[in-house]
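The following features are taken from TrEMBL:
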SIGNAL    1-17  signal peptide
DOMAIN    24-185  domain 'Thioredoxin'
BINDING   Cys63, Cys67, His148  Cu cation binding site
DISULFID  Cys63-Cys67  disulfide bond
Amino acid sequence: MKILSSAALGAACLCLAACLNSGLPTLGEVPHFTLTNQDGQKYESTAALANKVWVADFIFTTCHGPCPRMSAQMHKLQEDTKDLSDVELVSFTVDPKTDTPEVLTAYAKQFKADPERWTFLTGPAEALNKLSFDTFRLGNVGDGKLEHSTRFVLIDRKGRIRGYYDTTDATALPQLVEDIGKVRKEVL
């Protein structure tokens with residue numbers, strides 16, 4: 001009887017450990033930030049993303065390179081996670097001079113962004129640069145070249161970076177959806 005109880009206890013511990021940790025690494029932390037959303041409203045990350053799993057990217061609306069493809073992939077991600085109310089999508093501009101809230105609203109409509117789940121953010125170049133370069137480690141914003149990363153970033157409910165996903169890789173989006181599921185199962 002004790003052997004069976006020990007085996008059951010061991011299995012329960014393994015199951016609990018799996019629920020507590022997805023196995024994904026912690027690659028950094030996202031501090032609180034305040035920017036402006038596509039509606040021209042102040043966006044406080046702590047309130048807006050509380051207890052949310054979220055995916056971030058950096059784009060600009062006049063991009064003729066990877067941005068339209070990235071935004072199309074973000075739309076697909078929005079569709080793939082449409083039943084997951086605790087998953088948010090956040091697109092930061094790398095061209096805050098051009099990408100006003102009005103411009104971001106038009107861009108969001110072009111990609112059928114659900115404003116309840118997919119937010120577009122602008123703000124001072126310095127704040128965006130700090131997020132892109134220092135926090136997400138993706139490169140500088142507003143340096144005149146408008147170059148940026150083509151990666152999506154997965155952030156958990158505690159504001160920890162859990163993965164980077166190269167949007168030029170066909171396997172990245174399915175892997176991101178799978179990893180979102182893993183992170184959602186983690187116990188706070």
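Each Cβ is built from the backbone N, Cα and C atoms, and glycine gets one as well.
Predicted automatically and left uncurated, TrEMBL annotations should be read as such.
What you see is a predicted model, and the numbers here were worked out from it, not measured in a lab.
Feature map: annotations from TrEMBL on the structure.
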{"residue": "Cys63", "record": "Cu cation binding site", "Cβ neighbours (10 Å)": "18"}
{"residue": "Cys67", "record": "Cu cation binding site", "Cβ neighbours (10 Å)": "24"}
{"residue": "His148", "record": "Cu cation binding site", "Cβ neighbours (10 Å)": "24"}
According to DSSP, which of helix, strand or coil covers His148 (Cu cation binding site)? coil
Per DSSP, Cys63 (Cu cation binding site) is which: helix, strand or coil? coil
I'm checking region-level scores; what's the whole-number mean pLDDT for the domain 'Thioredoxin' (24-185)? 92
